[in-house]
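See below for the structure under consideration.
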Amino acid sequence: MERCRAYGFCAAMSGTFLLSCLLFAAISRHQRGPYMDEAFHVPQAQAYCHGRFLQWDPMITTLPGLYLVSVGAVKPAAWLFGWTGSVVCSVGMLRFINLLFSAGNFYLLYLLQFKIHQKNKAVSDFQRILSTLTLAMFPTLYFFTFLYYTDPGSVFFTLFAYLMCLYGNHKTSALLGFCGFMFRQTNIVWTVFCAGNVVAEKLNEAWKTKLQKKKDGKISSRKGSFSDLIRILQFLVEYLTSAKNLVTLTALTWPYIILVTVFFVFVFINGGIVVGDRSSHEACLHFPQLFYFLSFTVFFSFPHLLTPTKIREFLLSLRKHPVQYSLVAVISLFLIWKFTYVHKYLLADNRHYTFYVWRKVFQRHELVKYVLVPAYIFAGWSFTDTLKSKSIFWILMFFVCLLAVTVPQKLLEFRYFILPFLIYRLNIPFPSLYRQLLELTFYIVVNAVTFYLFLNRTFQWPNSDEKQRFMW
């Protein structure tokens with residue numbers, strides 16, 4: 001059985017890598033020069049490649065993790081294979097680094113699925129491999145495998161840190177979290193998430209002990225009621241104000257605390273979280289970003305979230321708790337009214353799909369953004385419902401991290417949703433084989449359309465001779 005699983009995994013990973021190599025060749029042939037943000041990333045990596053480590057492009061907003069890893073991989077390979085001249089740190093060579101990260105992500109996704117769902121003996125090896133293949137083909141992430149962007153490396157180190165956290169190797173997890181932070185500063189949130197996993201586990205143990213002492217196990221089956229929430233908040237206050245408990249939690253999470261401290265020192269010295277061009281990356285309270293993320297998640301997880309059963313259960317819940325849902329609707333309307341921001345890039349750059357989503361949906365009428373509130377509420381309910389197998393403390397911790405990583409972003413950019421989506425998707429229960437196959441088929445279709453548009457539907461701007469391409 002172990003051998004069959006190993007053969008199946010190797011076949012899936014090798015087949016995906018071979019397909020990726022073919023796509024990589026096609027994309028490199030059609031788009032030989034740097035495209036979009038590559039115009040900043042590629043010259044910066046090439047400067048590092050030539051030893052000019054003090055040179056920095058002020059338009060780059062992330063730390064130099066991608067360039068350091070690229071040079072650390074390409075330079076030894078160049079020496080080993082005798083590469084010289086323009087081959088070393090060429091656009092194609094640098095892009096290939098992300099293809100390697102993609103292979104690493106495939107392996108990490110498999111290990112994470114195995115670890116998170118290890119107690120679920122009903123899940124077959126085929127389902128685990130199929131689910132890994134599906135997540136590895138997740139369209140928004142998979143597309144950037146073929147361009148020199150920070151996303152594949154950012155995902156790799158964050159998932160690796162999460163895996164080490166689940167295995168209890170917290171010093172290694174924090175070190176990998178630092179690597180993820182060097183790729184993208186907002187990844188510090190997922191370091192907090194790893195620490196939160198440890199805290200949530202301890203809180204859950206203490207909560208179960210308290211319930212057993214009181215001989216009251218009802219809350220575990222009635223998770224989500226208002227009275228239960230009050231009791232949980234009271235418990236949190238009692239637990240976290242205990243010096244003994246705080247010492248215990250600090251002893252368990254000190255590697256993450258050190259890294260978060262380093263982050264705040266960096267923000268203080270740097271004068272902000274963004275490196276380089278800050279004018280276009282200002283932090284704000286953009287609460288509708290959470291609604292956009294929930295909609296994004298429903299779209300890419302519709303086999304799990306948008307089912308007749310889910311819709312029926314939501315309507316029953318709506319009928320049972322009209323006051324609570326009315327309150328949520330009012331709060332949502334207020335947040336949309338007061339905290340909706342439209343970034344200048346969203347309105348100006350017609351190469352991104354978000355440009356067309358905004359123009360075709362939100363700009364049709366001023367009231368559209370308010371009319372969508374019922375859909376947002378359903379998306380939020382369905383999203384939360386699929387996580388009901390997790391402890392209430394894990395759910396609270398995850399939502400805090402989700403808010404921290406989405407709300408401060410002014411720009412609507414699907415790339416910012418990749419990591420929270422993957423972590424969410426890894427933690428929901430395994431769906432049926434039919435739904436898994438439907439999800440994989442959907443991803444393959446979306447990828448096929450995306451690559452077709454990128455390669456074949458080029459266009460030009462009036463003031464430029466360069467070919468423009470559609471992309472995420």
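Cβ from N, Cα, C; glycine included.
Just so you know, TrEMBL annotations never went through curation; they're auto-generated.
As annotated by TrEMBL, transmembrane segment applies to 6-27 (among others). Counting residues 6+ beyond its ends, the transmembrane segment (6-27) has Cβ neighbours under 8 Å at 95-96, 99, 102-103, 106-107, 110, 125-126, 129, 132-133, 136-137, 145-147, 451, 454-455 in the same chain.
Residues or ranges marked as transmembrane segment by TrEMBL: 60-81 (among others).
Feature annotation from TrEMBL assigns transmembrane segment to 93-112 (among others).
Using a Cβ-Cβ cut-off under 8 Å and counting only residues 6 or more beyond its ends in the same chain, the transmembrane segment (133-150) has close neighbours at 12, 16, 20, 23-24, 27-28, 34-38, 41-42, 45, 62, 65-66, 91, 94-95, 97-99, 101-102, 105-106, 109, 183-184, 300, 414-415, 417-418, 421-422, 425-426, 436, 439-440, 443-444, 446-447, 450-451, 454, 471-472. TrEMBL lists 133-150 (among others) with the feature transmembrane segment.
If you look up TrEMBL, you'll see 254-275 (among others) marked as transmembrane segment.
The transmembrane segment annotation in TrEMBL covers 287-305 (among others).
TrEMBL lists 325-346 (among others) with the feature transmembrane segment. Tertiary neighbourhood of the transmembrane segment (325-346): same-chain residues 280, 284-288, 291, 317-318, 352, 354-355, 358, 369-370, 373-374, 376-377, 380, 410-412, selected by CB-CB distance under 8 Å and a gap of 6+ residues from either end.
TrEMBL lists 367-384 (among others) with the feature transmembrane segment. Counting residues 6+ beyond its ends, the transmembrane segment (367-384) has Cβ neighbours under 8 Å at 288, 291, 294-295, 297-298, 305-306, 310-311, 314, 317, 325, 328-329, 332-333, 336-337, 340, 361, 395, 424 in the same chain.
What TrEMBL records for 390-407 (among others) is transmembrane segment.
Residues or ranges marked as transmembrane segment by TrEMBL: 440-459 (among others).
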